[in-house]
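Peer 1: The following block contains the structure, expressed as structure tokens.
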């Protein structure tokens, strides 16, 4: 019986070397294990998609463009229909006033008609700017042409306003008498046309400002 117990003792007892080997293996296993991935929390705000405000500006451009079309073509149509014939006349002279009797009014009709035609042709480019807010080429072209049309309409409205002023008030220094006391309807119609033309010029200025804002890099 003693010999059996002596034979089982070495199996139950582990040597210090084997314990060190097992402990070294555990340490190596922990060292070889991949460290847990650290969760990185970003404090940077997610950028919101830009371009929505540019699309809104393009829609505003389209609406203003429609108003400018109505004002320019309305001014040309009103001035083109300005005519008055007084009910009295002499044997050699008939009192008649018409828009084409004045070169400034002729230029007025041409300028406002040309501006209205340009604004109609510019509508497709304005729609392209709505569909593609970041496009630069059509918007830059519209800015350049809007500036030219604004200068043309402003010149026509200013020259016509000078004639209308003289028709209402005359000029004592130049011995020009006022004719609006006789041609009341003619002066009223031409005054309305000049006001409509100045409205068109103001809307063209608004278009230039809106297009410049749309071209700004956000």
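Keep in mind that glycine also has a Cβ here, set from the backbone N, Cα and C atoms.
Owing to the predicted nature of the structure, the values given are computational and were not obtained by experimental measurement.
The N-linked glycosylation site annotation in Swiss-Prot covers 169. What Swiss-Prot lists as region 'Disordered' is 1-26. The feature topological domain 'Cytoplasmic' is assigned by Swiss-Prot to 1-58, 128-139, 214-218. As annotated by Swiss-Prot, topological domain 'Extracellular' applies to 80-106, 161-192, with the evidence given as sequence analysis. Positions annotated as transmembrane segment by Swiss-Prot, on the basis of sequence analysis: 59-79, 107-127, 140-160, 193-213.
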Peer 1: Same chain only, please: residues at least 6 beyond the ends of the topological domain 'Extracellular' (161-192) with a C-beta under 8 Å from a C-beta of the stretch. Say none if there are none.
Peer 2: 78-79, 81-84, 86, 95, 97, 99, 102, 104-105, 198
Peer 1: For residue 169 (N-linked glycosylation site), just count the other CB atoms lying within 10 A of its CB, please.
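Peer 2: Neighbour count, Cβ to Cβ under the 10 Å cut-off: 12.
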Peer 1: Hey, which bits of the same chain come close to the topological domain 'Cytoplasmic' (128-139), Cβ under 8 Å, at least six residues off its ends?
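Peer 2: Answer is 51, 54-55, 57-59, 61-62, 211, 214-215.
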Peer 1: For the topological domain 'Cytoplasmic' (128-139), jot down how many residues DSSP puts in helix, in strand and in coil.
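Peer 2: In the topological domain 'Cytoplasmic' (128-139), the DSSP-based counts are 7 helix, 0 strand, 5 coil.
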